[in-house]
Amino acid sequence: MPFYGKYAVAAVCLVGGLGIFFEGYDQGVMSGVNIAPSYVELMDLGDPGSGIATKSGKEGGIVAVYYLGTIIGALAGGALSDRIGRNYAVVCAGFFGLLGQSLQAAAQNAVWMICARIIAGIGTGGIAAVIPVWGSELVGHDARGMVMAFQMVVNFSGISASYWLEYLLSFRDGGNTQVRWRFPLAFQMIFLVALMVIISFMPESPRFDIGNGRRQRGKQTLANFRAQGDIEHPDVVAEYEEIIAAVELESKYETFTYWHMVTGHKSGDLHLGRRTFLAAWLQVMQAWTGVTSVVVYAPTLFRTAGFGAHKSDLLTGIQNMVTMVCCILAIFTIDRFGRRKVLMTGGVGQSLCFFLLGALSKVAADQGSASIGAAAGSFIFIYDFIFAATWLSVPWVYPTEIFPLVIRAKGNAFGIVGWSIGCGTVSLAAPKMFGALGPNAFYIHAVFNLFAVAVVYCFYPEVACRTLEEIDLLFASPSPFVWATEKRFQELKLEHAGLVRQSGLDHKLTDVEAKSTIVQAENKY
C-alpha cells in the first residue's frame, strides 16, 4: 500500500537519510581509527611500540585515497542511475560498499587498507551521487531544501555515532585491542544492508519514469506525493505536463556524455559546462571553508587552541553532537531565505569565526592562558552553528537542482567529485598545514570563506522554490554572471509558458532578487 502526501515525503526523508547516515559514519569513522594503537602499529604509521601516528603523510594518504574511490563511484553511479534508475543504482553501489567495508575491517597491512578504502569509496560515492537526486525528484519543488537539510542532520548523526562508538571502545582493555577499530568499520555494514533492502521497495523517481517511457507510473507517483493519489489533480497534471515539455525540449539535443558536460561541447543554450563547474566548485568550496578540518582533525584543532588531549577528545564528541542539532536550523532557512543569501551570510560568519579563532589561539599559546584558550575553542562551536545552518546543506542540494532531467544524476555526480576533491585535498593538507603554521593556519580558512562569498554572489543564481523544469531557462543566458542570468530568465519565462507555470511558484525572495539583478544589468549595459 503506497504512502501519500506528507507520509510519502517522510518515507523519502527516512530512507534517503539512511544512505546519508552511512556516508557520514563512513567519513567520520577514520578519525577514531587513526588513533587506535593497534591500527597505527599494524599499518606502520609510527615508531614500533609507540602506538602514536608520526608518519602524517602516510596517515593522510590512507584517509585521502578513499576520496579517489568516491570520484569513481560518483561518476559510475550517476551514469548508471540515468540508465537503469535511481533505486537500482543505489543497490549496485551498495554491493561495492559492502565489499569495501568488509575488506577494511579485515585489513592486515597498509596496501590492503588502501585498496579496501578505494573500493569502499566507490560504494559511498555511488550512493551519495544518487540519493540526493532521488529525493529531490520525488518531493515537491518547495521541499527539496528541507529534505536535504534533514538528511544533513542524519549525516552528522552518522559522524557523531562513529566518534562516540570509537570513544567508548577506547576504554576496553586500555584501547589496545584490534576491536577498537575493526568493529566500527564492520558495524556500518548494518546500515548499508538496510538501505539496499528498503530502497528496493520505494517508488522510482517520477522524472526518470516519465523520461524513459513509463509515463503512467511516473504520473501516479506524482499523484501519491502531491495529491493523495488523485492522478487528475490540477497540480499533478500541471507538473506532469512540465516534465513532458522538459523531456521534449531536451530531446532536441544529442545524448550527453561526461565529456560534453565538462567541456559544454554541443550543449548549446543548456550551458552544461557552466552547470558542471558550479556543481563541483561549490562542494570544493564547502570543504575549504573549514568543515573537513573540523570534522576529521577536531582533536588537533582543540589542542591547537590550548586544550589537553583528553578534554580535546571529549570536546570533539560534544562538538559533533552540537553540529547535528544545529543542522535542524537549515530545515527552516534553506527554502525560506534561498540558496544565495544562506551561503553568503554563512560565509561571512564563518570567516569571522576563523579570524577570531586564529587570533585567540595564538594569544593562548603565547601566554599559556586557559581562559583565552577556552574562548578560542568556543569559536569552533560557533563555526559549527553557522555552518550547520548555511553551508552544510546547500552544496548538496544545489547540484540536484541545476541539471536537465536526462542527465540529472550524472550532473549530481560532479557535485560528489567536487566533494571528493575538496575533502581529499584538505585531508592531505590539514596535518601539515596546522603542523607548520599552528594557529595561523586558521586564517587560511578565514580568507577562503570570503573568497567563497564573492564567487557565490557573482556566479550562483537563485534556484530555491523554482521547479526543476524552470532551471533550463535559468541557465539559458550566454553570460555566467547572476545579473545577466536573471534578466534573461525573466524574458524566457514569457516565451515558454508551456514549460513554466505562471502561478507564483517563484519564492518571494527570488522575485526581489530578479528585479534587483535586472536593474543592475540594465544599468551595466
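Note that Cβ sites are derived from N, Cα and C of the backbone, with glycine treated the same way.
Remember, TrEMBL labels are computer predictions, not curated facts.
The transmembrane segment annotation in TrEMBL covers 7-25, 60-80, 110-134, 146-165, 185-202, 276-298, 318-335, 342-360, 372-399, 442-460. The domain 'Major facilitator superfamily (MFS) profile' feature in TrEMBL is assigned to 12-464.
Segment contact holds for the transmembrane segment (442-460) and the transmembrane segment (276-298), given three or more CB pairs below 8 angstroms at sequence separation of 6 or more. Listed stretches 110-134, 185-202, 318-335, 372-399 were compared with the transmembrane segment (342-360); the greatest number of C-beta pairs under 8 angstroms is found for 372-399. Within the chain, the transmembrane segment (7-25) has long-range Cβ neighbours (under 8 A, six or more residues past its boundaries) at 90, 97, 124, 127-128, 131-132, 134-135, 138-140, 143, 147, 150-159, 161-162, 188, 191-192, 194-195, 198-199, 202-203, 224-225.
Contacts between the transmembrane segment (146-165) and the transmembrane segment (372-399): present, as 3 or more C-beta pairs lie under 8 angstroms, all at sequence separation of six or more. If one looks beyond the transmembrane segment (318-335) by at least 6 residues along the same chain, the residues whose Cβ comes under 8 Å of a Cβ in the stretch are 28, 142-146, 148-150, 152-153, 155-157, 159-160, 163, 294-295, 298, 342, 380-381, 384-385, 387-390, 392-394, 397, 464-465, 507.
Long-range neighbours of the transmembrane segment (110-134) within the same chain, counting only residues 6 or more positions beyond its ends whose Cβ lies under 8 Å from a Cβ of the stretch, are 12, 16, 19-20, 22-23, 26-27, 43-45, 58, 61-62, 65-78, 80-81, 86-87, 89-90, 92-101, 103-104, 148, 151, 192, 195, 205, 396-397, 399-400, 408-409, 412-413, 415-416, 419-420.
When pLDDT values are averaged over the domain 'Major facilitator superfamily (MFS) profile' (12-464), the model yields 84.
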